[in-house]
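See structure below.
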Ligand code: GLA
Ligand code: GLA
């Protein structure tokens, strides 16, 4: 594993600003010129200049065009595109083009195709149909990466390398024989002996004991619920297998062009897909992320959380928004267009959380193919559209924000932890409640912070949280001894810990901590739970202060003199027993919430903790909850990003009076006092 305290992401792609001081923010898109005739390319660069585009990601799905057969290469068209872009002042984040193998390769080597858990082949016809552990695929892909790298090593347009594309988006869990062989090697490294593996996997259960490494398989389709530790280790292995592939491409690129930074686009909100990006972050020279807004009541909070978490993965350093959408996507059941103001607000929310690049999928909306109804910077209807006018306006906004480039996020006093092992383990099968939603609970706590007007940092558990005043750990289900010790130490030093139902239950092998839940956190919380008592879908319980809980309850006993009951159940099987507890030792505190309260129900709990910790909102009371505040800073300046979370005008008086205005999407700075719905202002406090 990479040491997360020593990030490598110190190198940033060159944009048109050239050397000397921070350049302007990067702005652009995935550019797929191979889908268009050459006449269109000229129109593309004209419009890119008009929009203020200064970087594009090129060649992502170009393998079949660059290498039409095993022995034929065609770089001429890409040479022309690179030259054309450079002539128009546009830098290139050049893909290694390995994302989607061409038909000749899968015809010649069908053994690179992934296999699903039921043993069916995943056929070509879409994209990313390759086994992460296939030595044959790797040989061809690395040869392509090397050819691309050598060809363009000295091209003046080259600003960065883009490894593959969204590694693992469609192929992370492959159950093939290649995967089985690689899984065994990974397990031997992890456990050394079969005895250790048999213990970790609890194979005394259901007669699963292994007598030979060769007997071990990926968790393929089984007669009943497969071994949970085997499932968890297979998730960890699958992420590591793609990390290993990422390393292999990075090694080629760093060897050929040691000075060109390398990235790959993460999907930090898609932890359920099975990729541990917090762990991968140490492999790249700068962190990139893709984000697509969800379509539900949490959309805006989810957007902010995603950007915030990406910053956490990047250690607070600037990062690259590699993809988002100007408007609709094509891959949900219904794909609504974005309402007015959302395009700019969504982009600037990422910048507010440390993105120094705003890029879209994609530049020109495809006329053919599976993504023809996905929005782009240039829509089907062309340049005479509100989308393109807005895109051009966004380019102007980003130029005004040039001073922000290179600044870091100013740490908040409150952290919400993001723990992928807990997400994976808590949502496995055969559990008390299959409706448990790790991401949703985390978002509820995050939203409650925003509703209270309090700045918060989302942090992977592997990053240092010790310096925060308040640490919220929703559904921290899997707690190894080392993490338990960190949390206990945090409270002992005066920190305020908040956690929820189904936390502290298992260790790193998914073995239950015995002698009463929440085993690992029992002492620090000063409670003991005899039995978990989840609720049926639609079932509700009432707390004695009128709040409503869903999803979960516990049969809680208070075991420590310094633990108080903040709220008790007033209805349901646990009526009269504690629902929310808080242990208050001499310093610090540890709060436990045993039911799902939703953001509205969480806010009063959080307010109590924040008050105890002395954390106050930096916003005037009239603005709390209505705007989101983030702060980026360097040694000399602070930049306050104020994002209107509502669709109505918001009066910024009290905040803007003591600041200069760097940007207001209201356009007219006089209009700043009234920030329009979905508007964003960037203020420089005086
Ligand atoms: C992903 C991919 C892109 C494109 C978009 C569409 O992010 O990386 O190639 O398919 O989804 O939303
Ligand atoms: C069946 C099986 C048991 C056990 C239970 C679980 O009854 O015979 O071994 O798995 O289901 O409910």
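Residue 1 is the first one shown; counting continues down the chain.
Quick reminder: no glycine exception, Cβ is built from N, Cα and C everywhere.
According to TrEMBL, the features are:
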type: ACT_SITE; residues: 166; note: active site, proton donor
type: ACT_SITE; residues: 323; note: active site, nucleophile
type: BINDING; residues: 127, 165, 331; note: substrate binding site
type: DOMAIN; residues: 30-400; note: domain 'Glycoside hydrolase family 42 N-terminal'
type: DOMAIN; residues: 412-615; note: domain 'Beta-galactosidase trimerisation'
type: DOMAIN; residues: 627-684; note: domain 'Beta-galactosidase C-terminal'
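Across the domain 'Beta-galactosidase C-terminal' (627-684), DSSP classifies residues as 8 helix, 29 strand, 21 coil. Separation of the C-alpha atoms of residue 323 (active site, nucleophile) and residue 165 (substrate binding site): 11 Å, rounded to the nearest whole number. In this entry, 127, 165, 331 make up the residues listed for substrate, with the farthest two CA atoms of the set 17 Å from each other. Taking every protein chain shown into account, 127, 165, 166, 323, 331 are the recorded positions, and of these the Cβ with the most other Cβ atoms within 10 Å belongs to 165. Averaged over the domain 'Glycoside hydrolase family 42 N-terminal' (30-400), the predicted model has a pLDDT of 97.
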